[in-house]
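A.B. asks: Structure below; questions to follow.
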Amino acid sequence: MYMVESKVGAIGCMLLSLFFLGTWPALLTMLERRGRLPQHTYLDYSFTNFLGAIIIAVTFGEFGRSTVDKPDFLTQLTQDNWPSILFAVAGGVVLSLGNLSTQYAWAFVGLSVTEVVTASITVVIGTTMNYFLDGKINRAEILFPGVGCFLIAVFLAAAVHESNAADNKSKLSLLSSDPKDEERLYDNSMFDGKYTSSATKDVEDLSTIEEEMPEFGTADFLIDLENRRSIKVLGKSTFIGLGITFFAGACLSLFSPAFNLATNDQWHALKDGVPHLTVYTAFFFFSLSCFIIAMILNITFLYRPVLDLPKSSIKAYLSDWNGRKWALLAGLLCGFGNGLQFMGGQAAGYAAADAVQALPLVSTFWGILLFGEYRRSSRRTYIYLASMLLMFIVAVSVLMASAGQRTAEELQSSTH
């Protein structure tokens, strides 16, 4: 199998992972804003996310000759390594719950703030756990100030959301008292309680859609967005979105430590002589459990939707091709992004690999470029936003600077 053994190679994996993991949320957000049901989108995403794990396992995991100390992916499927597999499965379960929650949080809180809060919670909790699980190979005097910067970013993100929500409320309050405006604001007749793919605009032709949209940041834009999107958010409490976001962050903070335990067996759960799970085998089971949970929850949500979404069905999902290619692409990006993060973490330490939680920098770029987030907002909102992003840049730089490197003995000692 192929293993990343150098610090440079590990950082390369992290940077590529950072781009992938920061881009796929923008694709799912785009589809929700165009009216596609999140259940349909997440089902498509889940198939290719698992496909990415299979591709990585049967390529990198089968590279070279299999040995007793370094078994390949297929060899490990027959070994008695269930304790480690269960850790990988647990990691996949919490990741699936976290990612599914963020899909709803994006609608309420916005792409940028959601990603900042969840990523910061992930670093504050998950990175601290990984530091101790990795045998303190990262430089604590650098690592923990970086964790502190992420924590500050959480509070700045909450301030951004509160300020931007006030800006939007102010814009809507300036609308004329024309009954047509009131009618437009609460026009949900396009779904009539049940979803059909014809109820949405054709999200394949993005250029046509952008031409039809009002100018970013205006009250007309906010009303048009509310009537297009599948999750209706105007008039609902901001605490709903923040609650979902913090729940997602708590779930996402646990998946990397669980994966760390699966591949390094710090708690000595494996029998003597049984090789540790390789990154590729652990990632396969991790993604398998993530896929199963996603299938169960989203099929349930088709018939018992949450947050006042319209009902759907398996038949409606299968016939809904609007934007499907973007959802499938998002799944591949997330699958490869997670795989690269774990490959880099095995070499440089999972605490340092959590630097990919800088993904909000990428997501914010897409949020502003594609969705017009924070256009025509107040100066206070811009100050909070700039401060949040600056603190994130500092935090990520510090976290990467703390990267250690496992010794050759640690990389090669896969048996007890």
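Note that Cβ sites are derived from N, Cα and C of the backbone, with glycine treated the same way.
Feature list, courtesy of TrEMBL:
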- 6-30: transmembrane segment (TRANSMEM)
- 42-61: transmembrane segment (TRANSMEM)
- 81-98: transmembrane segment (TRANSMEM)
- 105-130: transmembrane segment (TRANSMEM)
- 142-161: transmembrane segment (TRANSMEM)
- 238-259: transmembrane segment (TRANSMEM)
- 279-305: transmembrane segment (TRANSMEM)
- 326-344: transmembrane segment (TRANSMEM)
- 350-371: transmembrane segment (TRANSMEM)
- 383-403: transmembrane segment (TRANSMEM)
A.B. asks: Counting CB pairs under 8 Å, which listed stretch among 6-30, 105-130, 142-161 touches the transmembrane segment (326-344) the most?
C.D. replies: 6-30
A.B. asks: Can you name the far-off residues of the same chain, 6+ from the ends of the transmembrane segment (42-61), with a Cβ under 8 Å from a Cβ of it?
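C.D. replies: 1-2, 24, 28, 72-73, 100, 103, 278, 280-281, 283-284, 286-288, 290-291, 294-295, 298-299, 317, 324, 327-332, 334-336, 338-339, 343.
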A.B. asks: Is the number of Cβ-Cβ pairs under 8 Å between the transmembrane segment (81-98) and the transmembrane segment (279-305) three or more, considering only pairs separated by 6 or more positions?
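C.D. replies: Between the transmembrane segment (279-305) and the transmembrane segment (81-98), which are separate recorded stretches, there is contact, as judged by 3 or more close Cβ pairs.
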A.B. asks: Given a Cβ distance threshold of under 8 angstroms, which distant residues of the chain, six or more beyond its ends, lie next to the transmembrane segment (238-259)?
C.D. replies: 87-88, 90-92, 94-95, 97-99, 101-102, 104-105, 107-109, 113-114, 117-126, 129-130, 133, 158, 161-162, 165, 282-283, 286, 307, 341-342, 345, 350, 353-354
A.B. asks: May I ask for the residues of the chain that lie six or more residues beyond the transmembrane segment (279-305) and have a Cβ under 8 Å from a Cβ within it?
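C.D. replies: For the transmembrane segment (279-305), the far contacts come to 1, 3, 39, 42-43, 45-47, 49-50, 52-54, 56-57, 60-61, 73, 76-77, 81, 84-85, 87-93, 95-97, 99-100, 255, 259, 262-263, 311-314, 316-317, 335, 338-339, 342-343, 346.
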